[in-house]
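**Student:** Dumping what Swiss-Prot says about this protein:
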type	residues	note
BINDING	N6, L7, K8, G164, S194	substrate binding site
ACT_SITE	H91	active site, electrophile
ACT_SITE	E158	active site, proton acceptor
Amino acid sequence: MIVAANLKCNHTRASFLNFTKKLDNFLSGEASNFKKNEILIFPPNTAFCDQISNFTQGAQNFFPCENGSFTGEIGADMLNEFGIKSVLIGHSERRVIFSESDRMVLEKFKFAKKRGWRIIFCVGESDIVRMNGNYREVLSDQLSEIDLDYENLIIAYEPIWAIGTGKSAKNEQIEEVLEFLAEKTEAPLLYGGSVNLKNISQISKLPHCSGVLIGSASWEAENFINLLKELQ
């Protein structure tokens, strides 16, 4: 079971260090059954920590470069300093808020694949697309250019209308989309979108579900630990 936490624009270096200590202690004790590569935490770039033992740290965003004249961006050299080899690509907040194009998403994918990084590739439809019923076409388009056979690929289904709204997709909706995605790739499939303490257990048991990508419910260490307890 893969459990990923997107901390988004939350946590300072000090607060994330405290987060990591609490989580490491939990994972080394009563939750030692979780493997390090099953728990992925994506802090903001300014909070990267080099004192992590029992989980994997990843990057929410990066620019497809080693280094260079790219003001405000972070490249592979910076990620390498912290041993980061897991990245989020294609998140709807990057696409919508920051106007990240399909071309840039593809460039990031190619860059990460070339380096053997573990990629959580996010796909999802808007509420309008969902109501119109053509979400399968939209999801197919989002996946059309990437290598679905890449060995370090994870696909996260995050319907845009469920992200940060407190309104998770219904189990039958999640199950249908995951089945559709499973026909396209053998990559592990995650669900993300208002995952919380009340629904995480049921979601994790759905067919084709290999785990979850959690947003706000994971931002505090105690809350994230309680979510992990639901999966034990």
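Any Cβ shown, glycine's included, is placed from N, Cα and C.
Could you tell me the structural context for the features on the list?
**Tutor:** Counted within 10 Å of its Cβ, the other Cβ atoms near G164 (substrate binding site) come to 13, all protein chains included.
With a cut-off of 8 Å between CB atoms and residues at least 6 apart in sequence, the same chain places N6, Q60, C122, E158 near H91 (active site, electrophile), listed in sequence order. Mapped onto three states, the DSSP output places H91 (active site, electrophile) in coil.
The Cβ neighbour count for E158 (active site, proton acceptor), using a 10 Å radius over every protein chain in view, is 26.
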**Student:** For the substrate site as recorded (N6, L7, K8, G164, S194), determine the largest distance between any two Cα atoms, in Å, rounded to the nearest integer.
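**Tutor:** Answer in Å: the longest Cα-Cα distance is 14.
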**Student:** According to DSSP, folded down to helix, strand and coil, what is N6 (substrate binding site)?
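**Tutor:** Going by the DSSP assignment, N6 (substrate binding site) falls within a strand, counted as strand.
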**Student:** Given a separation of at least six residues and a C-beta threshold under 8 Å, show me what packs close to S194 (substrate binding site) in the same chain.
**Tutor:** A162, I163, G164, T165, G166, K167, S168, G215
**Student:** Residues near the substrate site, N6, L7, K8, G164, S194 excluded, by Cβ within 8 Å of the Cβ center?
**Tutor:** I163, I214, G215, S216, S218, W219
**Student:** Which one, from the binding-site residues N6, K8, has the smallest tally of other C-beta atoms lying within 10 Å of its C-beta?
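**Tutor:** Among the binding-site residues N6, K8, the lowest count of other Cβ atoms within 10 Å belongs to K8.
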